[in-house]
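Student: Take a look at the following structure, please.
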Ligand code: ATP
């Protein structure tokens with residue numbers, strides 16, 4: 001197949017375009033043809049931003065000042081004939097560099113993988129059926145359905161536009177929406193902004209609906225041509241990463257200060273110069289937490305992957321941290337708190353309620369009045385209500401061998417097709433007899449939808465929407481087969497019926513119609529003078545797991561607020577089932593909210609649990625009111641108009657299934673299953689990840705402080721070996737080894753710790769809290785001091801025999817104490833030693849390697865160690881127990897403010 005390359009698509013009619021692109025204007029391509037074209041044209045994607053190459057990453061590991069100093073020191077040692085030291089330092093520098101490389105490489109890779117997860121999907125018609133496919137599989141000739149909120153997935157020719165308008169600022173800089181048309185344009189030379197019958201990759205549909213045949217994909221698109229301009233832009237750093245980096249910079253200076261002091265002390269004590277130099281530099285390497293930033297990135301990205309497994313896709317890394325601070329979750333009702341599997345339960349027509357039987361989307365079931373089955377044929381108002389529900393409908397009902405009955409499209413509309421099917425009314429037949437003339441799509445701001453059709457009785461407008469809206473535009477009602485005026489009394493009976501249905505947690509739609517003059521072009525002004533036919537009420541059961549999640553939030557000090565477009569009575573009834581309203585909490589409507597000024601809202605926002613009949617603008621005010629009280633707000637949304645509120649929220653949450661592309665792009669996190677429980681799970685993971693980061697900051701810093709103090713205090717105490725020479729508690733190589741193995745392995749494993757089981761029993765962390773408060777610093781220093789004191793005690797014991805034994809004792813005690821320390825840090829977070837196999841692996845391997853260093857003759861010569869006997873091990877273990885007891889007391893004294901239930 002050869003496709004003609006036309007670059008003036010806009011001058012052709014849609015039919016000609018379809019012909020040129022060898023596709024069908026209504027059925028689209030066949031699946032087989034699409035596959036062939038995918039092979040030929042390649043995936044519809046733009047080149048990825050260039051990443052740092054592994055080689056650069058590796059070279060970067062060896063380009064720090066400290067590493068160069070170490071390498072220089074090794075050379076000096078070699079020059080002076082200290083070959084063993086020089087080689088060992090060289091090997092350790094290489095190993096250290098490799099470990100750093102491995103950490104950063106992994107961090108980088110997992111970030112790339114995360115970006116991949118966030119790919120977009122599009123709606124295409126293939127083989128005449130609506131399908132959702134990943135946008136990168138779109139090929140020229142594909143027929144794409146575009147609805148408000150969708151990102152246009154490729155360049156194409158608009159073949160049908162129902163009030164479709166798009167925002168093209170990304171491409172043209174023009175911020176006003178462009179109204180799209182299907183007709184051909186005359187001029188062959190037009191700028192992008194003037195091609196009103198074309199859709200472009202990277203622009204978004206802001207209202208209406210339309211179809212487009214794809215003309216170009218990937219790099220051939222207008223955006224593709226300027227794609228190189230879009231590259232660049234760095235990965236965002238999280239607040240924690242930034243603060244840790246700042247802390248790291250400050251620590252470098254403190255460490256260097258102490259190291260200089262150590263060097264001076266050594267000098268005045270008369271230590272040999274080379275040894276003194278090596279010790280000082282190794283100490284600097286050991287004490288400076290250079291691996292911290294990479295480990296933080298690893299912990300964050302591991303966390304993000306864990307969240308993805310629990311259906312929460314984090315789009316921006318900093319959100320992981322903010323998630324843990326969330327104190328208010330504002331959530332939609334339909335689909336998030338409820339299942340969004342609608343089923344019509346009751347229909348109010350002709351002044352009485354008709355109950356509907358049956359299950360799921362299967363169009364089988366009886367109609368009953370007061371428990372007695374009725375014949376629907378005898379109820380013309382019921383038939384009319386069902387017909388309107390079907391003829392003003394964009395969904396489709398399918399029967400499928402494996403899945404049974406299912407719907408494509410909005411579940412509310414699917415439910416209407418199902419209930420009509422129960423009266424033998426099917427969309428396909430009805431549509432054939434009543435062809436469509438025009439449509440005004442559903443929009444949650446307007447809360448209604450209409451379709452004009454040519455019926456045997458002439459042109460008609462069929463409308464469905466929220467009861468109050470339809471009522472406001474109605475002037476008569478269908479009663480006993482006649483159109484009667486809508487008196488106040490009749491209005492009241494409709495409102496009573498609506499309230500009665502809504503208070504049973506049912507979602508209510510009113511249906512109506514009006515005759516139209518023939519061949520008129522449909523617009524909003526025609527949604528007037530309506531004849532109301534009845535109310536259709538559907539059940540949308542709450543998701544079973546949500547009640548527990550709301551309870552979890554309450555224990556975790558998180559307030560849940562429901563914001564819905566639905567009626568107040570329905571919202572309150574659902575909230576009651578879910579136990580979402582506390583005693584005395586209020587439910588307000590959008591109209592009531594409009595009566596409140598911002599101050600009034602701020603004063604009352606803590607008492608309002610439900611906002612009903614709201615529009616998108618209200619969401620923005622609610623987010624702002626909560627934020628002005630210092631709360632960290634998560635806000636869910638799905639429609640285009642929700643994007644501003646989602647952006648404003650601390651955590652903007654887009655719905656994965658019902659969410660539009662615009663909302664997803666504005667969001668910090670996408671919930672793949674639209675489920676409220678997944679948001680709560682993500683908050684829990686967020687808390688867990690933050691805990692893990694704090695854990696290894698805690699572990700790493702106390703270990704580093706201990707190493708510094710072991711050398712420094714040993715010198716201050718004037719330790720000398722049995723021959724009377726000045727003695728240093730650890731050798732340079734031992735220090736470097738500790739830094740590499742004992743510090744490095746467990747730190748990574750800590751990032752893989754599971755979430756503290758009690759993480760959701762404590763109030764949210766304040767985002768303004770310092771990560772390194774004074775209390776924490778003092779605790780770390782004291783712990784480091786106790787570890788150093790214990791180590792020096794063991795060292796002193798060995799000193800009575802030989803310098804080598806003393807150093808081996810100090811070395812081994814530090815290794816053992818660091819193992820103890822890991823578990824002490826973890827136990828503050830209720831982690832048993834067996835809850836993380838990586839920790840066991842890390843600790844076991846660091847112990848095993850240490851035993852090799854102490855007991856194999858070859859390594860003994862390199863590390864300057866001697867084998868330890870049982871008595872010496874006894875001393876070390878006694879020291880470990882004493883240090884453990886004292887550190888436990890310190891931990892207890894410095895415990896965080898007690899977990900409290902709110
Ligand atoms: P939430 O905001 O919690 O998701 P919601 O789904 O009820 O709640 P919208 O989808 O904005 O909010 O719907 C608002 C109202 O519009 C509904 O209460 C209903 O009366 C009406 N409505 C919903 N879907 C349709 C539809 N497809 N056609 C016509 N009217 C609809």
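Placement of Cβ uses the backbone N, Cα and C atoms for every residue, glycine included.
Because TrEMBL annotations are produced automatically, they should be read as predictions rather than curated entries.
Below, the features straight out of TrEMBL:
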- 8-82: domain 'Cation-transporting P-type ATPase N-terminal' (DOMAIN)
- 55-77: transmembrane segment (TRANSMEM)
- 83-102: transmembrane segment (TRANSMEM)
- 251-271: transmembrane segment (TRANSMEM)
- 277-300: transmembrane segment (TRANSMEM)
- 696-719: transmembrane segment (TRANSMEM)
- 731-755: transmembrane segment (TRANSMEM)
- 776-799: transmembrane segment (TRANSMEM)
- 805-822: transmembrane segment (TRANSMEM)
- 834-853: transmembrane segment (TRANSMEM)
- 873-894: transmembrane segment (TRANSMEM)
Student: Apart from its near flanks, which chain residues at least 6 from the ends of the transmembrane segment (873-894) lie with a Cβ under 8 angstroms of it?
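Tutor: Apart from its flanks, the transmembrane segment (873-894) reaches 775-776, 778-779, 782-783, 786-787, 789-791, 793-794, 797, 809, 812-813, 816-817, 820-821, 824, 828.
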Student: Run through the domain 'Cation-transporting P-type ATPase N-terminal' (8-82) and tell me, per DSSP, how many residues are helix, strand and coil.
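Tutor: Helix, strand, coil within the domain 'Cation-transporting P-type ATPase N-terminal' (8-82): 44 helix, 3 strand, 28 coil.
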Student: Do any residues of this chain, six or more beyond the ends of the transmembrane segment (834-853), have a C-beta under 8 angstroms from a C-beta of it, and if so which?
Tutor: 737, 741-742, 745-746, 748-750, 752-754, 811-812, 815, 818-819, 822-823, 826, 859-860, 863, 865
Student: Which sequence-distant residues neighbour the transmembrane segment (83-102)? Criterion: at least 6 residues beyond either end, Cβ under 8 Å.
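Tutor: Sequence-remote neighbours of the transmembrane segment (83-102) are 54, 57-58, 61-62, 67, 70-71, 73-75, 77, 278, 282, 285, 290-291, 294, 732-733, 736-737, 739-740, 744, 861-863.
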Student: For the transmembrane segment (731-755) and the transmembrane segment (277-300), check the count of CB pairs under 8 Å (sequence separation 6 or more) and say whether it reaches 3 or more.
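Tutor: Yes, these stretches are in contact.
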Student: Across the domain 'Cation-transporting P-type ATPase N-terminal' (8-82), what is the average pLDDT of the model, as a whole number?
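Tutor: Mean pLDDT, the domain 'Cation-transporting P-type ATPase N-terminal' (8-82): 82.
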Student: Which residues of the same chain, at least 6 past either end of the transmembrane segment (277-300), have a Cβ under 8 Å from a Cβ in it?
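Tutor: Distal contacts: 64, 66-67, 69-70, 73, 76-77, 85, 89, 96, 99-100, 103-104, 106-107, 110-111, 238, 240-241, 244-245, 248, 251-252, 255-256, 258-260, 262-263, 266, 271, 317, 320-321, 689, 692-693, 696-697, 700-701, 704-705, 707-708, 711, 728, 731-733, 735-736, 738-739, 743-744, 747-748, 750-751.
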Student: Are there residues at least 6 beyond the ends of the transmembrane segment (251-271) whose Cβ is under 8 Å from a Cβ of it, and what are they?
Tutor: 277, 279-281, 283-284, 287-289, 704, 708, 711-712, 715-716, 718, 726, 728
